[in-house]
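Enquirer: Pulled these from TrEMBL:
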TRANSMEM  B:39-61  transmembrane segment
TRANSMEM  B:81-100  transmembrane segment
TRANSMEM  B:112-134  transmembrane segment
TRANSMEM  B:146-168  transmembrane segment
TRANSMEM  B:219-238  transmembrane segment
TRANSMEM  B:270-294  transmembrane segment
TRANSMEM  B:306-323  transmembrane segment
TRANSMEM  B:335-353  transmembrane segment
Amino acid sequence: MLRFLKNNLKNSSKEDNEKYPSIAKNLDKNVKQLNKMFSSDKNSDFASREFVAQYSNNKINIFYYSTIVNGDKLYTGIIQPLLENVGETLKNVVTLEAIEELSTYEDVIEHINSGYVIIFEDTLDKAFAIDVAQFQHRGIEKSQNESVIKGPKEAFTEALGVNVSLLRKRFHDKQLINESLKVGERSKLEVNLLYVEDLVNNDVLKDVKKRINDIKSDNVRNVEMLEQFLEERPYSIVPSILYTERPDKAATYIEDGYIVILMDNSSACLIVPINFWAFFQSPEDRYLRFLYGNFTRLIRFIAFFITVFISAIYIGVTNYHSEMIPPDLLLAITAARERVPFPLVFEVLLMEIAFELIREAGIRIPNPLGPTIGIVGALILGQAAVDANIISPIVVIIVALSGLTSFAVSDVSMNYSVRLSKYIFITASAWFGMFSLTGAFIVWISYLSSLKSFGVPFFSPVTPTYKSPGNNLFRKALKNEIWRPGNIKPKDIKKKQTE
Amino acid sequence: MKPDKTLKTREMFAIVALFIGVKLSDTTATLYSQKVQNGFWLSVVVSLIIALPSFFILLHLLKLFKDKNLVELLEILLGKFIGKVVGFTIFLTSFGLLVLDSRNYVEEVKLLYFPESPTTSLYFIFIIVCILTAKRGLESIGSTSWIVLPFIKISMFLLAFLILKEIVWLRIFPIFGNGLDVVLTEGINKASIFSEFILLTIAYTSFRDTKFFRRGSYIGSSVVSLELVFFFLLYALVFDYNSIEKVAYPYHEVTQYVNLGNFFTNVETFFMVFWLSAAFLRFIIYLYLVAMVFGAVFNIKEHESLLLPLGLLTVSSGLLVENTVINELVYREKLLMYSTPLYVLLPYLLWIIKRLRRDLK
């Protein structure tokens, strides 16, 4: 039965492909076929025009989507030359850059969808495709989510060509390859892989391409969705692909032999393979001078630590190891908690969840309402809850601190994984204090260290050890960055000729 | 791209430093000080002098037979059957020590920080953490050790620094404690405290290159030896003759002595966190190595699936002993004494066999 179904499926898909006849020499036949395929009677922006070409005196018909092509270009580059110019072949007549010859209807459909103009000429059993696409998109704007004080401000935008240009602008190398793949079964979209040919590790490249080709989805709209199709552990708490909207960050990674994945419709790119440290780095760390950059890194590391552990440690210490707290402080905490009816864990969780609510509301809230709700959130929830003896002021401090510091982990995915980890540790320390907290920490670290992103261990190049630019928790002076990161096994490990 | 074996020198160093190095903070010191009193740091030196050469001879032998681990080496030199039997004996003694020692650590945590919690639940949590972590493989254990190691060592040396003001140098006398003969016999009897060095060699082939294992072992063992002697000397200088034998957990006792300035006066929990991470990692490594020996003896390739049964067996057998005093001062001491000849003499025996059987290469 199953086999029968399978065969049936196979046959039907075969039929799907063979459904279209080949392009005929007779123009009318082709026009009819195309109008049928694109339902031109209903599809209001599907346009066609018929005229006689000057150079061959044959009838010509052109097809395109009027909403995604550049009208001026279409007129001056295609229609006008065909009506007026004289020449041997169509390619000599039309002045636009690249003209492709298509021989099947599948290609024709794909090209029309990508904003090409398709030209059918009577007596020819092929079609010509010319790129006059003009998809609408935003201009290049300032980076919104990864802002820097010192450094370039440009961010990617939702247009593939623009994004590639932003990258090429930053890295002038003839070996910088922009390889294009198609993804999606129904709506075929372009995915661009950017890498330096003589640096990139071929195994990783092959792996990435294989994963992209293996995607069996009707439509993969943008890199945000592509990321989830590419990663190996969709249920894991930690991300394995870096996502950035900054072209300068992407360019830094390309230089080191990483692969950057770009798509239309995303104002960001994906970077693979990646390690743990990269999620905490901002390009600004390397734009600032050595000492300042490392100071930032230190602050960020402390922030990370506070985010993950402060609530858990507070619970653990006050519940199980109160002898550790100096007496004056202990009295202060006890006095503050005296009138609060809830257990400490409940109190902390209540506040943590309230903070998550404020954060979520802050993102979704319409702009004009923002300040109002901010005041309600901060003042009402904070001050009034303390006055009403629902939570103690110290918990407000603890949770506000952990919430505030979580923003120092600027990567969106890592930010979530840090926040989720926080709850794991809160639960652990509520159970057996520092004992179970330490246990949970060890399990967490060992889980992280066992992860791999496209074959690269998560904590490399620190452990397992590889030659690297030393740009992990801290960074070296730029002068001393001699090696490329060895953990991704680039073809050329040496960054700079020292002798 | 699949880097199968990623372990290198620094992971080996971290593994040795945690696996053996934690001994400076558990009841090992108590075990020595029962008879030798404040000369016990010299007994450790004796034990190290006895134990380390055997370890180095074993490393030398392993170097001769490339790409063989401990059990495979035993099988080559002693023949298949005797090799397996010796391997199994090593498994039994190590597993016994694992059981007794883990109970010991759990009791330590319980007595010091959770006096009202049942041992059983603490023990279960302890072992479950060990199983979960060990399950992720030796690579991950090595990396975790290396990541956690700096914090542990910094906290240990912070402690050593803070306690310096409490020490009295004259407490070093009587230099041999209860006498030179006691120092020597105790040192020799308890040499198997360092039997874990021998156990480590089961992982010999798990490294990217065996030279990383050797290098890591040499650096690790020398650093750890210095640390141990230094800390034991420190305990002797803090606690003095006679009173030292009454101290059950010298490391934790020391943490109670120290203050961080005038405000933070009870910082033992701070040191306990790092000590606990070290203890967890020690037993993670221990459990993994024991499972590896068992797997090698019985030709079980998937030795990681042995972790769960072995771990649960550890809990159930560890709970059999009625209390920590008997556990520590009777069973563990006896087992250590009886297994000393096995661990100290085995490498020499193997070496002699290697010399006699020239046909082997």
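Cβ coordinates are placed from backbone N, Cα and C, and glycine is handled just like the others.
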Enquirer: Quick one: find which recorded stretch in B:81-100, B:112-134, B:146-168, B:270-294, B:306-323 has the most Cβ pairs under 8 Å with the transmembrane segment (B:335-353).
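Expert: Top-ranked stretch among B:81-100, B:112-134, B:146-168, B:270-294, B:306-323: B:81-100.
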Enquirer: State the residues, same chain only, that lie 6 or more residues beyond the ends of the transmembrane segment (B:112-134) and have a CB under 8 A from a CB inside it; answer 'none' if no residue qualifies.
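Expert: Same-chain contacts beyond the ends: 102-103, 105-106, 140-141, 144, 249, 252, 268-269, 272, 280-281, 283-285, 287-288, 291, 304, 307-308, 311-312, 314-315, 318-319.
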Enquirer: Please work out which recorded stretch in B:39-61, B:146-168, B:219-238, B:306-323 has the most C-beta pairs separated by under 8 angstroms from the transmembrane segment (B:81-100)?
Expert: B:306-323
Enquirer: Using a Cβ-Cβ cut-off of under 8 Å, list the residues of the same chain that are 6+ residues beyond the ends of the transmembrane segment (B:39-61) and lie near it.
Expert: 29, 32-33, 70, 73, 77, 174-178, 182-184, 186-188, 190-195, 197-198, 201, 214, 217, 221, 225, 228-229, 232-233, 235-236, 244, 343-348, 350-351, 354
